[in-house]
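> Take a look at this one; I'll ask things after.
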Amino acid sequence: MVVAMVAASMASGLRTKAMAELCCYLTVALCAFLVPSFAKLTTIEHPVKPNRSLSFLVVGDWGRKGFYNQSEVAFQMGRIGEKLKIDFVISTGDNFYDNGLTSVYDPAFRDSFTNIYTAKSLQKPWYSVLGNHDYRGNVEAQLNPILRSVDKRWICMRSFVLKTELVDIFFVDTTPFVDKYFTDPEDHTYDWKGVEPRKNYLSSLIKDLKAEMRNSTALWKFAVGHHAIKSLGHHGDTAQLIKFLLPVLKDNNVDVYMNGHDHCLEHITSMNGAMQYLTSGGGSKAWRGDLKPDDDVNHSVKFLYDGQGFMSVEMNENEAMILFYDVEGLILHQWKISKQLRSAV
C-alpha cells in the first residue's frame, strides 16, 4: 500500500517518458528493499543451446577501472567468449574495488564494468555474487535493479539459484560466514544491513540451500561463492565454509565449487570424493607471490597459477570441459569431468 501510494504520488508530477521510466525503476527497487533478506532463494531460469549444451566464462576480483590488466583480461574474455559462443558470464565477487559502490549513481559501475567488458560476445547476462570488498560499500546499490537500466547484463543478488536444463548453479553469499569481518574488521567498515542478526541470516541461508539442492533434479550441480573452500593462495582455506557450507555441498552431490577471493587461478580435487574446487580470481590485480605449501593429503592440487586470467566451462549431459586462460588468452590448464547419466528410476 505504501509503495503504491509513493509511486502514484511521484507519477502524478511526471511530464516526460524518461521520468516515468525512472519512477518504475524506483518502485521496483523500493519493493525489493521491503522484502525480508531471509526470504526463500530467488530462482532464475536460463535456456541451453539447441544441441542441449552450455558454455560460460568465470571471472572474479576484477573491478579496477581497467587497471592492473583488467582491460587485457577483458579483451581475451571477449575473444574466447566469441569462440565458445558463451551463454553467460559468472562473476565470483569483489566486483568493485576497493570499497564497492557508493550508490546506484557511482561512476565506478560504468568505469569498471560497462566500459571494460565491451566485446559483443560478453553482452550476455552476468550472474554475480558479492565479495568482501563489495560489502565495504553500499551493498544495496549493487543489488538494486536500477543498475539494470544502466547495463541490462547486470544480475547481482546475495544468494540465488540459476537453473538450466543441464545444471543448477547455486550462488552463495559467503562473506557473512567469515568471522574476522565481524570480530576484527581492521580499518574497514562493512555494510551488514540485511545480514544482521547474522546467526539468523546464516541459519536461514543454509536451510534454503539444503532445500533447493535436495529438490534439484539437474544432471549437474555447481556452486559459486566468493571465498574459497580449498585454496593455496594468499587467503587459503575458509574455515567457516569448511564447517558450515561444505557438508551441505557434499550431502547433495555438488560437482563443482567455484570461487574468487584469492587472486589466482587454481584447481584442487578431493581425494575422497568427486568435488572439484576451482578458483577464478585473476580478473585484475594478482601476482601476490605468497602461495601456501601443498600439505593436504586429502586433496590434490591439479593446477595453480599466481597470475591474471579467467576460466571457461563447456558442458553437456555427459561431460564438462574446464579451461583456464592467462592474460594473453593462452590455455594454462584443462580438465574434463565425466558424468554418468542418472537412472530414470
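Yeah, the Cβs are placed from backbone N, Cα and C, and that goes for glycine too.
The shown structure was predicted, so the numbers you read here are calculated from the model rather than taken from an experiment.
Just lifted these from TrEMBL, have a look:
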DOMAIN    55-264  domain 'Calcineurin-like phosphoesterase'
BINDING   Asp61, Asp94, Tyr97, His263  Fe cation 1 binding site
BINDING   Asp94, Asn132, His226, His261  Fe cation 2 binding site
> Which one is closest to Asp61 (Fe cation 1 binding site) in space, judged by CA to CA distance, out of the binding-site residues Asn132, His226, His261?
His261
> So what's the average pLDDT for the domain 'Calcineurin-like phosphoesterase' (55-264)?
98
> What's the number of neighbouring CB atoms sitting within 10 A of the CB on Asp94 (Fe cation 1 binding site)?
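Looking across every protein chain shown, the total is 30.
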> Other residues near the Fe cation 1 site, CB within 8 A of the CB centroid of Asp61, Asp94, Tyr97, His263?
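Counting only non-site residues, the set is Gly60, Trp62, Gly63, Arg64, Gly131, His133, Gly260, His261, Gly281, Gly283, Ser284, Lys285.
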> So for Tyr97 (Fe cation 1 binding site), how many other CB atoms are inside 10 Å of its CB?
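Looking across every protein chain shown, the total is 23.
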> Could you tally the C-beta atoms, other than its own, that fall within 10 angstroms of the C-beta of Asp61 (Fe cation 1 binding site)?
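If we count other Cβ atoms within 10 Å of Asp61 (Fe cation 1 binding site), we arrive at 30.
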> Using the Cβ centroid of Asp94, Asn132, His226, His261 as the reference point for the Fe cation 2 site, which residues of the same chain not in that list have Cβ within 8 Å?
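Near the Fe cation 2 site, beyond Asp94, Asn132, His226, His261, sit Gly60, Asp61, Thr92, Gly93, Leu130, Gly131, His133, Asp134, Thr174, Thr175, His227, Gly260, Gly281.
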> Rounded to the nearest Å, what's the C-alpha distance separating His261 (Fe cation 2 binding site) and Asp94 (Fe cation 1 binding site)? Just drop the number here, would you?
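Pair distance, Cα basis, whole Å: 7 Å.
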> To the nearest whole angstrom, state the Cα distance for the pair Asn132 (Fe cation 2 binding site) and His263 (Fe cation 1 binding site).
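Here the two Cα atoms are 13 Å apart.
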> Spatial neighbours of His226 (Fe cation 2 binding site) among the binding-site residues Asp94, Tyr97, His263, defined as Cα within 10 A: which are they?
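Close binding-site residues: Asp94.
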